[in-house]
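Only one structure is covered here, and it is reproduced in the block below.
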């Protein structure tokens, strides 16, 4: 599968990098590190990026450096500038509805309650179709405030599990690009 753009949804990383809600930016940083690349800041358009060759294709790795609810504007501007279709992008984000340690690909994504995804639909239009990689962070126990939960760091135990999950996701992204989505899903979705 050809992915020209891989985006990790994020709040500003200098303020929120280690938080649960910035799991997408963790993923991009880990992926860039795998390819021995350092992200470059585009100050004018508020994002970090780097190009990497995965298999036969180059993919642009991006972390928007804005608040989650306006990530869509950054992504839209990037796709317009580089002539990338929405179905050629993979959006990586945290997911409250998946337990910590679980991740799922979703192809031809159509809706979500995640503010970063809502922002993409707002910028691209409701009929926009793209692919996602959802990384579970679980829900807070004892009906804790969701915003507080999202904007806090995971526990050390959760962080270890999240990092293991991201490592597995990166391997599966390689399979997705170099082979096919069914093979990648079989590996990622296996317990």
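From the backbone N, Cα and C atoms, a Cβ is placed for every residue, glycine too.
What Swiss-Prot lists as active site, proton acceptor is 21. For 16, 67, 69, 115, the entry in Swiss-Prot reads tRNA binding site, with the evidence type sequence analysis. Annotation source Swiss-Prot lists site 'Discriminates between blocked and unblocked aminoacyl-tRNA' at 11, citing sequence analysis. Per Swiss-Prot, site 'Stabilizes the basic form of H active site to accept a proton' is recorded for 94.
When Cβ neighbours within 10 Å are tallied across all protein chains shown, the highest count among the recorded positions 11, 69, 115 belongs to 11. Following the DSSP three-state reduction, the secondary structure of residue 11 (site 'Discriminates between blocked and unblocked aminoacyl-tRNA') is coil. What surrounds the tRNA site, by Cβ distance within 8 Å of the Cβ centroid and not counting 16, 67, 69, 115, is the set 11, 21, 66, 68, 70, 71, 116 from the same chain. Distances between the Cα of residue 94 (site 'Stabilizes the basic form of H active site to accept a proton') and those of the recorded positions 16, 21, 69 are shortest for 21. Here residue 67 (tRNA binding site) comes close to 11, 12: these same-chain residues lie at least six apart in sequence, with C-beta atoms under 8 angstroms from its C-beta. Long-range neighbours of residue 16 (tRNA binding site) (same chain, six or more residues apart, CB within less than 8 Å of its CB): 10, 22, 151.
Between the farthest pair of Cα atoms in the tRNA binding residues (16, 67, 69, 115), the distance is 15 Å. In this structure, 21 is the one among the recorded positions 21, 94 with the smallest number of other Cβ atoms inside 10 Å of its Cβ. On a Cα basis, residue 21 (active site, proton acceptor) lies 12 Å away from residue 69 (tRNA binding site).
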